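According to TrEMBL:
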BINDING   37, 40, 67  substrate binding site
DOMAIN    29-178  domain 'PurE'
REGION    1-24  region 'Disordered'
């Protein structure tokens with residue numbers, strides 16, 4: 001998305017939509033990765049990296065619930081029509097972006113509480129997680145953008161056998177890493 005974008009066109013930052021590797025023509029973005037301010041990017045970048053690991057095309061942009069409310073509503077209302085299947089929304093402080101986006105789209109929304117200088121992100125967490133009945137937002141931990149990206153992949157994998165297998169392989173890699181660390185620690189401490 002660009003500053004001149006009205007929230008409907010689904011433009012992308014350089015490279016974001018080009019994550020589909022392997023020489024095939026990239027599909028349109030499947031995940032919308034939005035944040036309330038560009039200062040949220042250091043946190044939200046981990047979601048982009050997780051999506052790229054799984055070769056999931058995404059769009060990225062700044063959509064402020066408070067400073068550009070109409071743009072936010074247009075973005076949310078138009079996301080499904082652009083082929084977006086999941087929205088990841090990160091915000092700090094009052095953190096209204098994930099909930100307001102969820103109120104304006106039928107798509108699943110994953111909220112990422114972005115930690116700020118004061119309250120260490122607890123304000124963001126409570127704002128995002130305390131949604132009224134009927135307007136769900138899946139909420140990850142404070143600063144947990146990587147898990148937001150992985151959750152988006154899992155949501156997509158429910159109807160995509162290729163992604164499902166990639167996620168299963170990822171889980172096997174995690175298991176292998178833990179077993180290797182266990183063996184190394186036992187060897188170091190117990191001489192096993």
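Cβ atoms are placed via backbone N, Cα and C, with glycine included.
What TrEMBL says about a protein is an automatic prediction, not a curated fact.
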Chain-internal residues, separated by at least six, CB under 8 A from residue 37 (substrate binding site): 62, 64, 92
Cβ-based neighbourhood (8 Å from the centroid) of the substrate site, residues 37, 40, 67 excluded: 35, 36, 38, 39, 62, 64, 91
Binding-site residues listed as 40, 67, least Cβ neighbours within 10 Å: 67
Residue distribution over DSSP helix, strand and coil in the domain 'PurE' (29-178): 79 helix, 25 strand, 46 coil
